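Here's the structure, in structure tokens; my notes come after.
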Amino acid sequence: MNHFMIKQFNGLDDATAQRLHSLGLQVGSSVQAVRFYPFHGPVIIQVDHQKIGIRYRVFKLLTGGKPL
Amino acid sequence: MTTVALLGNPNTGKTTLFNELTDKYAYVGNWTGVTVEKKVGQIRHSHTKVIDLPGVYSLNPITKDESVVTNYLLGHSPDLILNVTNASQLKRNLLLSVEVLELGVPVIITLNMIDDLKRTGHYYNLKTLSTELGCPVRTTNARNKEGLTELKADLVRDQSEIKPNLPLKLNYPLMVNQAIRQAATSLTKDYKVEPKFAHWLAIQYINNNKVVRKYATMHQLKPLLSQKAYYDAQKFDDQIFETRLSFIEKTLASATEQLQSTQHVAITSKIDKVVTHPIFGLPIFVGIFYLMFKLSFDWIGTPLSGYLDGFLSGPISSWANQFLTQAGALPMLRSLIVNGLIAGVGGVLVFIPQIFVLFACITILEDSGYMSRAALVTDRIMEMIGLNGKAFIPLIIGFGCNVTGIMAARTIEQPKERLITTLISPFMSCSARLPIYSLFVAALFPRHQALIVLSLYFLGIVVALFMAKFYHVIFKAKEHSVFIVELPQYHIPRLDIVWHGTWDKGKGFIKKAGTIIFAGTVLIWLLSNFGVRGYVTQIDQSFAANLGQILLPVFKPIGISTWQPISALLTGVLAKEVISSSMMVLFHTSNQTALIAMIGGSFTAISAYALLVFILLYIPCFATIGTIKSETGSAKWAAYSVISSLAISYTLAFLIFQIGSLLM
Amino acid sequence: MGLFVNILILAVIFGFAGYQIYRAVKRSKQGKCAACDYDCEAKKMLNQSKKRAM
């Protein structure tokens, strides 16, 4: 239900993209959104048995949204 | 002498392993970025030196602390690299391992936290891993000391016994491979770079490693510099990343073995369901802090502190007095020792219980893994002021000591955010300010001690956040902050780690009692016993009184009506604990109860609160000022910090006293 | 004799206090590593290399 596929890294700043790469994320990785915080707060995603907190904006971009 | 470098991702237990392997213990926490500079230790009964490097995700650094690792590898050549990995997150841990293996230095990979992996239901075939990666692979669980003896045996070997590793060669795409080979060959030929190192340097350069690029520019490595535009235009860095990741996925797929799945992950999820709740997460965060202060002030700390005070001011003080009288000491010396040192330094030492309980609580928070959750639940608020939740961690560390808090700010990615965090750190109420709070809350708010102290801590946070927003607007910081936090598995805090952490943070306090607090007390005793006419018996004629009285008009508007606190505040710049010992000396009291009664007589609830707010926010101590200077690299920021905090503290204390007086 | 011992003790206390204040000021000028009370191995090595350089 809360499964998403990473579609792109475009529109992210270099540091964020690099850090996400280092955590093993790439285009095509499937992620599970575990929790959303209110007011577009951070999102907890789960990838390969690890939980990571990222900003909502980054989450939207990764899953194919337009840059905010 | 054999040198072993510990290297790995953040939060893989490197520091715990370092502490178990060497006799020294370093600072351990269950959050990213505990080690911000490298530490060196020695393995017991051996000639092996171990270097604990900060955790990094890759050799291409983003933050200041991460560049320590790359610079270390560029400048030194360890005999052996121990690559510590988190077994249950091997995929991304190996991304770093690949970079290290390409260097061609002997490497041992250890799968640490192996029990976490077993609980997730997999296991890896170590032989397969070892053949694919071309280096020995071990398993350990540093927290339970599993596998350490075997690992130690691998490390204490003599230099000559360590088997050389061949550098790992991945099948990069044809173009990339060609570029690497060409650059490496001409580096070796024209610049006499050692072939293995040249190969690694070329890969790192092509992969857009900022530190390596700087290194190449500095050494004028033309074969690399001339091709820079080509490498970047071809997006070789993306191709390198993809090749590495698919190599790792293939390796792991061939090595994975299934076990039966079990519960530990479920426990972490259950705890997380509560503490990272979207709505209750923040109240729980506040609640945890309330509990910490309740423990430190009401339940454990204060009662113990009372016993200690009774002992110091009773038997010790009167015994010293008798002994000195019998030994024929001058009245001046007797006064210095009994009324100055025992009352003053002792007056600070009695707060050991409170401070240690608070430190134990902070250590438990760090060790359990809650810190990164705190970063998560506070991120939305921090985003509003232009910082991110991760800035909260240095701020919480600042509750122990502002100096370590500012050092921890090195883990923040954006330079402007780091500067802002450094500037607001002194507003965090460090443990040195606790003694003076304790005295005042005991005197004027006996029923709500924990609550009043908590309110001061939160006021500190609020002022810090407000200033952060202000700086954010002033600096026009437009860069998006990088907010990516890992949420590690919870650990049950281990008693010895908690004790070590508490002792590590707390021993500085005890040491300060013998040094700077001692000195400050002597200074204030001198000022309060000498005047323009030399040695005075009436304290009203002393330098301290004169000084305080001159400044009294300035402090009247914030509710201070006697000169003693003013003189005490002046000495507080040496170290904040000195305020308490100075008060002890200036009010000529020998024990805490008497001082509390004196304070109760010369302050009202409002003027006391205004003074506490002033103490919370005014000039940082010398050590903090020095740290701000060195971390920002300019004396201007340090001077700015002194002036701005003085202005803020005065304004707030003024407002609280004036508005409070109107209302009462 | 008694007076001498008294003065000696006073001098030691004042001397030590003065030295500590001097050190605090000096250390704060040097900054981060010196201001930290933890005498870690890296710091020891740094101090040693400084001594050697002199």
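Every residue, even glycine, has its Cβ placed from backbone N, Cα and C.
Unlike curated records, TrEMBL annotations are generated automatically.
Among the features that TrEMBL reports, domain 'FeoB-type G' is placed at B:1-161. What TrEMBL records for B:8-15, B:33-37, B:52-55, B:112-115 is GTP binding site. The Mg(2+) 2 binding site annotation in TrEMBL covers B:ASN19. As annotated by TrEMBL, Mg(2+) 1 binding site applies to B:THR22. Sequence annotations record features per position, and here TrEMBL assigns transmembrane segment to B:274-293, B:341-365, B:385-407, B:419-445, B:451-471, B:513-532, B:594-619, B:639-663.
Positions of TrEMBL features highlighted on the structure.
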residue  : record                : DSSP (3 states)
B:GLY8   : GTP binding site      : strand
B:LYS14  : GTP binding site      : helix
B:ASN19  : Mg(2+) 2 binding site : helix
B:PRO54  : GTP binding site      : coil
B:MET113 : GTP binding site      : coil
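Geometry remark: the residue listed as 'Mg(2+) 1 binding site' versus B:PRO54 (GTP binding site), CA distance 17 Å. Taking only the Cα positions, the spacing between B:MET113 (GTP binding site) and B:ASN19 (Mg(2+) 2 binding site) is 15 angstrom.
Note: the CA-CA distance between B:ASN19 (Mg(2+) 2 binding site) and B:ASN11 (GTP binding site) rounds to 14 Å. Confidence annotation: the domain 'FeoB-type G' (B:1-161) carries a mean pLDDT of 81 in the model.
In sequence order there is nothing to list: of B:ASN11, B:LYS14, B:ASN19, B:PRO54, none of the binding-site residues comes within a CB distance under 8 A of chain C. Neighbour count (other Cβ atoms within 10 Å of the Cβ, all protein chains): 27 for B:MET113 (GTP binding site).
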